[in-house]
Amino acid sequence: MSESLANADRRERLRKLALETIDLNKDPYFMRNHLGSYECKLCLTLHNNEGNYLAHTQGKRHQENLARRAAREAKEQQYRPNKPTMVAARRMMKIGRPGYKVTKARDLSTRQRSLIFEIDYPQAEEDVQPRHRFMSAFEQRVESTKEREWQYLLFACEPYETIGFKIPNVEIDKGEGRFLSQWDPKARKFLLQLYFRERGEGEAGRGASGEGGRGTPMPVASPQNGSSNYQQGFGQEGRMQFEERRTQLPPPPPPQHYQPQQSLGSFGQRHGHAAGYGYGGGPPPPPPPPPRHGGY
């Protein structure tokens, strides 16, 4: 009997100690079910009152489960990626729009259209470099109409306002030396030059020169001239083929000269022939025999 009383006294002392050190409202494993009893979500045990639950939290089983859970969370923390750091956007007073200059150009060799943008930022900070980006017509929210035939090129640099240019929605040539951007920190000027890739640009060049670039069209002359212009347009190899083909042709027929009309004189008129007879090229028919009189 004394042993049971000792155990009850020990549990009572543990309950009082737990009530002083543990706040049940902050315990994540304490839960009250619909039957009015209490449960420990960590050990999955059922308790009749709060004191019994607090005595359980000080026991060996609950403490081992807490240590095991802490070790598992520490191990998972090693492989968990770090949370991305959020960088707050700088808020600066805008001082207006920068000055700009746009120049239209065309490459004489490739016939590509080009645009040159010069943006002046005289009050830009030393460690700030202007940025640019392309925006589709469906992404912008300035104009109400969404025209797929156009796109927008934006330039931004603090403390100036962002400006945009409306350009044709054509593929930009990003080849070597075809898209250039430069920032001059001394003059505070940003320069950008771009080229538009024309539709069917590579096909015409391959058809003329046999390569990807554009070629010079070959001069063609009429073969009726029979002169060096026709042979010069095809080069040395074409001239040899033309001479060989000309030697294989059959000789032309002899020329037919004009035969003048032969005058029939009074003979033709006396026998009833027209004056224009003789243009056919053949001799006139022989005269009829003279009439016979009597028995001769």
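Using the three backbone atoms N, Cα and C, a Cβ is placed for every residue, glycine included.
TrEMBL does not curate its annotations; it predicts them automatically.
The compositional bias 'Gly residues' feature in TrEMBL is assigned to 205-215.
Sequence annotations record features per position, and here TrEMBL assigns compositional bias 'Polar residues' to 222-234.
The compositional bias 'Pro residues' feature in TrEMBL is assigned to 282-296.
If you average pLDDT over the domain 'Matrin-type' (38-68) in this model, you get 88. What TrEMBL lists as domain 'Matrin-type' is 38-68.
The region 'Disordered' feature in TrEMBL is assigned to 202-296.
Per DSSP, the secondary structure of the domain 'Matrin-type' (38-68) breaks down as 17 helix, 6 strand, 8 coil.
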